[in-house]
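Quick notes on the structure that follows.
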Amino acid sequence: MAGGGPVRDADGMAEPELVDVVVLGLGVGGEEVAGRLAEAGLTVVGVERNLVGGECPYWGCVPSKMMIRAANAIAEARRVDGLGGAAQVTPDWAQVAKRIRAEATDDWDDRVAVERFTGKGGRFVRGSGRIDGPGRVRVGDQVFQARHGIVLGTGTRPSVPPVDGLADTPYWTNREAIEVEELPGSLLVLGGGAIGLELAQVFARFGVRVTVVEALDRVLAVEEPESSEAAAAALRADGVEIHTGVKAARVEHGAAGFTLRGTGGEVFTAERLLVVTGRRAHLDELGLDTVGVDAGGRYLPVDDRLHVTEGIWAVGDVTGEGAFTHVAMYQASIVVADVLDHMRRSQGGADPSGTASVVGGAVGVASSLAATGSSGSAGSVPRADYRALPRVTFTDPEIGAVGLTEQQARDRGINVQVGFTRLSSSTRGWIHKTDEDGFIKLIADADQGVLIGATSAGPAGGEVLSGLVVAVHAAVPLSQLRHMIYAYPTFHRAISDALRNLGQ
Ligand SMILES: Cc1cc2nc3c(=O)[nH]c(=O)nc-3n(C[C@H](O)[C@H](O)[C@H](O)COP(=O)(O)OP(=O)(O)OC[C@H]3O[C@@H](n4cnc5c(N)ncnc54)[C@H](O)[C@@H]3O)c2cc1C
């Protein structure tokens, strides 16, 4: 908008500014949608109240994996003993903290990301936005009327349990843990999910005394029990104390640090407390009531084209379909294709807004993009399909998984076959000879003769997973998987052993 602020009507109310699309929240998903629609020639307003790029590059995937890379290098150096000599390692957190500031986050500055978006033709507005009736978004005193739609990519925030006393303490979430420049002597981690375990192992490898407290009876409870055992064993080998089945009752903070008391009388103390007990969307802030959408849920329900309701799409963590960057990116492609498809169809008749000159170029792009969508058929938009959703817990060993776990498959009444093998019984696992073991677990639908889930844990578990993702995604017949050639001696060759072991 040219300087001078919004245009106002006689009552001093801001006049809505007509645009094609407004994207609320420019995290991974929102930035992708907004950028690609802008590149397609639409007038796109992208609204972000914090940093463009969202959680992943500043407090999530990227800096945490930098921390893990450093911690794994330390662990690997310590493995030289017994394999090829002796190595002495002196961990230095300052190098990690510096790399996160300098290389990952630009000291938590999003100038480059903003320019990336505006360079694609998008219009950036910094602020908190909310829907204000059909097609309308308010950001402070600016109001936008979106001709073709609103996209919500507003993500999640840490979900902090209602534990007595906790809210009044200076506990850490993932943000403080990622930003830390000087490590504490001891750390309590409340929550034994993927993020909690990854960070617990990193800090332990840098010499912090770490205790993980988990309410459920195993860590990594959404994955296979064997994954929980592998992760717990690896962390314990790194000196991490793990307590499962402990429900936090009260948290206190004083000069000596934190005290966490469990409902069973357990007491844990540490200098710092990291709370990583899940995340939740904050739907009540989005003005959903003004368009008749219920904001009472934990997430925003969407259909398989990411529609929330007429003219509104959602993308990323806010949809509750899997809190992963790759899910946000996958959904973004569908949203882009669907918005363009809607636009093309609405422009099929007369241009009701009289803005053909603004979007005329975009309509052409829209038709060609929609026509060459991933399904390849004219006018069709790919539908979201999460059957082969991959996920990786970047502990050491890495634990990759795709599709259903054994229990999930049995709960669905599927005629399940399970194949299991330990990496240590494969040639590569035996040669590798480290304290980090792994395994391959396959879940097959015996009636269909295909894999419907798999786990690959090991030194490169996340990479080994890729073949299994293809198998589940494309429903490759088991007979074909059995008659493939698996390179020798690789970690992934263990998949052929697990296939041979498939049984009830
Ligand atoms: C420690 C950690 C490690 C992780 N590691 C991985 C990993 O290894 N691999 C992986 O795939 N995923 C990982 N994730 C998850 C990943 O970060 C998220 O899945 C991803 O960031 C989701 O993107 P999003 O666009 O949905 O939301 P977000 O990244 O959360 O972005 C949402 C944006 O919307 C903005 N916003 C919210 N409301 C408004 C509003 N009303 N107006 C304007 N702006 C608003 C927010 O400020 C935010 O920038 C990790 C997460 C954490 C916390």
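Just so it is clear, glycine is given a Cβ too, placed from its N, Cα and C backbone atoms.
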Check TrEMBL for me: it has Gly191, Gly192, Gly193, Ala194, Ile195, Gly196, Leu197, Glu198, Gly278 binding NAD(+), so pick out which one of Glu214, Glu223, Glu224, Glu252 it puts in that same site.
Glu214
So what pLDDT does the domain 'FAD/NAD(P)-binding' (20-332) average out to?
97
Considering each pair of residues in Lys65, Gly129, Asp317, all listed as binding FAD, report the largest CA to CA distance in Å, no decimals.
31
Roughly how many angstrom lie between the C-alpha atoms of Lys65 (FAD binding site) and Gly191 (NAD(+) binding site)?
19
Using CB atoms and a 10 A radius, I'd like the single residue among the binding-site residues Glu214, Asp317 with the highest neighbour count.
Asp317
Check the DSSP secondary structure of Gly129 (FAD binding site), expressed as helix, strand or coil.
strand
